[in-house]
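Structure record follows, encoded as structure tokens.
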Amino acid sequence: MFPESNSGYSYEDCKATADWLLAQTDIRPAVGVVCGSGLGGLADMLKDQVAFNYKDIPNFPQSTVHGHAGRLVFGTLKGRPCVCMQGRFHLYEGYPIQKITLPMRIFKLLGVETVILTNAAGGLNQDFKVGDIMIMKDHLNMPGFAGNNPLAGPNDERFGVRFPCMSDAYDRELQQLAMDVGQELGYADFLKEGVYCVLGGPSFETIAECRMLQKLGADAVGMSTVHEAIVARHCGIRVFALSLITNQAVTDYDSEEKANHEEVLQIGKLRAEQLERLVSTMVTRIEHNFA
Ligand SMILES: O=P(O)(O)O[C@@H]1C[C@H](O)[C@@H](CO)O1
């Protein structure tokens, strides 16, 4: 456990932030989207936008990573009310794990029922290619193995139970929907599914680490998403997550390849249009009680 990191936000703090946002906009989002590195264009799909810089939102942390704009955008996607984080928070930015996941609880208090989490990740599965989109079917939570779990610390039952189940973390219906939509859109060649492993970052993995992760059953490796998924599930939000494979993890000592953030952002731009179409089509088909 990391007691010093238990300076998370209380239910009342989260409620104050959600109420502040609800007072600024009439949009009542049922879907929340989190944009991964270089995937901020997803927010631009929203119509009738009402956007807030993170620095202006009470209690919100700030984005410090290139490729994460730091804006919370409300709007509609083909008539469906949504909220989109154009930029997320990562452990390696130095925030306690409870702070990087705070937006999920605010989403809950805004009325969000489903989150779509996106990330850029390194491919470990030898069948994956750069540019593939991996539907997350499960995760390996490496910081969690060491006790760094966003739910560590006092549990507030108003959010969820002390010991939430994670064997159903990633909604299977939504995975199937993504597959179906991907097929219809002609994405079958680059649509995969697999297990995402989160590490703390910010250093990319060594060759030995990548080989170990492959043996553990990970198909992709990254530095985010899992913490958000845990907090979202804890408070009863349905979770769908996908990884854009932006680079192949290096597993060979003869390889000349070196992972780098610029390449990650560049691959995001190349797949932006298809990702936007996949996500927006999914949103129009997710069943909610839209007012
Ligand atoms: O926010 P995501 O998980 O998409 O960002 C990935 C992990 C690191 O933040 C960064 C490395 O390039 O991209």
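Placement of Cβ uses the backbone N, Cα and C atoms for every residue, glycine included.
Annotation comment: TrEMBL describes 31-283 as domain 'Nucleoside phosphorylase'. Computed over the domain 'Nucleoside phosphorylase' (31-283), the whole-number mean pLDDT of the model equals 96.
According to TrEMBL, the phosphate binding site annotation covers Ser37, His68, Arg88, Phe89, His90, Ala120, Ser224. Long-range Cβ contacts of Phe89 (phosphate binding site) within its own chain (separation 6+, distance under 8 Å): Pro61, Ser63, Tyr95, Lys99, Ile100, Pro103.
According to TrEMBL, the purine D-ribonucleoside binding site annotation covers Glu205, Asn247. Within its own chain, Asn247 (purine D-ribonucleoside binding site) has Gly122, Gly123, Val130, Glu257, Ala259, Asn260, Glu263, Val264, Ile267 as residues 6 or more apart in sequence whose C-beta sits under 8 angstroms from its own.
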Rounded to a whole number of Å, the separation of the Cα atoms of Ala120 (phosphate binding site) and Glu205 (purine D-ribonucleoside binding site) comes to 14
Rounding to whole Å, the Cα atoms of Ser224 (phosphate binding site) and Glu205 (purine D-ribonucleoside binding site) are apart by 14
Same-chain, non-site residues whose Cβ lies within 8 A of the Ser37, His68, Arg88, Phe89, His90, Ala120, Ser224 Cβ center for phosphate are Gly36, Val65, Gly67, Gly87, Asn119, Met223
A correct count of other C-beta atoms within 10 Å of the C-beta of Ser224 (phosphate binding site) gives 27
The answer for which binding-site residues (His68, Phe89, Glu205, Ser224, Asn247) have a CB under 6 A from ligand 1 is Ser224
Cβ density check for Arg88 (phosphate binding site), other Cβ within 10 Å (all protein chains) comes to 27
